Amino acid sequence: MASETKIKCCRTCLKEDSLMFDLFLERLESSNLADMLVSCTKLKIREDDSLPKQICRYCYNCLVSFSHFCNMAQKAEDKLKEAMLNSEGFNHNSEDLNQ
C-alpha cells in the first residue's frame with residue numbers, strides 16, 4: 001500500500017506560508033476555492049489527486065480579485081448585450097457591476 005505524502009506548499013505558486021487556505025473547505029459566495037481556481041485557470045483540480053490542497057494568502061488574494069474581475073466583466077457584457085437587444089441606450093453606471 002503506497003503511503004500518501006502531504007505536500008505543504010501552495011498549489012499555485014509552490015511557496016510555503018504560515019496562513020494557507022484549503023481549496024475544498026474555504027468558500028466564497030456559492031463556490032469553493034477549487035471551483036474558482038478551475039474557472040479562472042482551467043486547471044484540473046480533484047479532491048482525490050495527490051497535489052497540494054491549499055493556496056497561500058497571496059494566491060488567495062489574487063484568486064479572489066481575479067474572480068471578482070471576471071464576474072464584473074461578465075456582468076458588463078450581459079448589460080451591453082441586453083442594451084443592444086433593447087436598441088435603446090444604456091446606463092453605464094459601474095456601481096451596478098461591482099455588486
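Positions of Cβ are set from backbone N, Cα and C atoms, glycine also.
What TrEMBL says about a protein is an automatic prediction, not a curated fact.
Listed in TrEMBL for this protein:
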- CYS10, CYS13, CYS56, CYS59: Zn(2+) binding site (BINDING)
- 8-83: domain 'ZAD' (DOMAIN)
* Asked: How many other Cβ atoms are found within 10 Å of the Cβ atom of CYS56 (Zn(2+) binding site), counting all protein chains shown?
  -> 22
* **Per-state residue totals over the domain 'ZAD' (8-83) - DSSP helix, strand, coil** => 36 helix, 10 strand, 30 coil
* If you count Cβ atoms within 10 Å of the Cβ of CYS10 (Zn(2+) binding site), leaving out that atom itself, what do you get? -> 20
* Asked: Relative to the mean position of the Cβ atoms of CYS10, CYS13, CYS56, CYS59, the recorded Zn(2+) site, which additional same-chain residues have Cβ within 8 Å?
  -> CYS9, ARG11, THR12, LEU14, LYS15, ASP17, ILE55, ARG57, TYR58, TYR60
* Candidate with the highest Cβ count within 10 Å, taken from the binding-site residues CYS13, CYS59 -> CYS59
* Quick one: mean pLDDT on the domain 'ZAD' (8-83)? -> 93
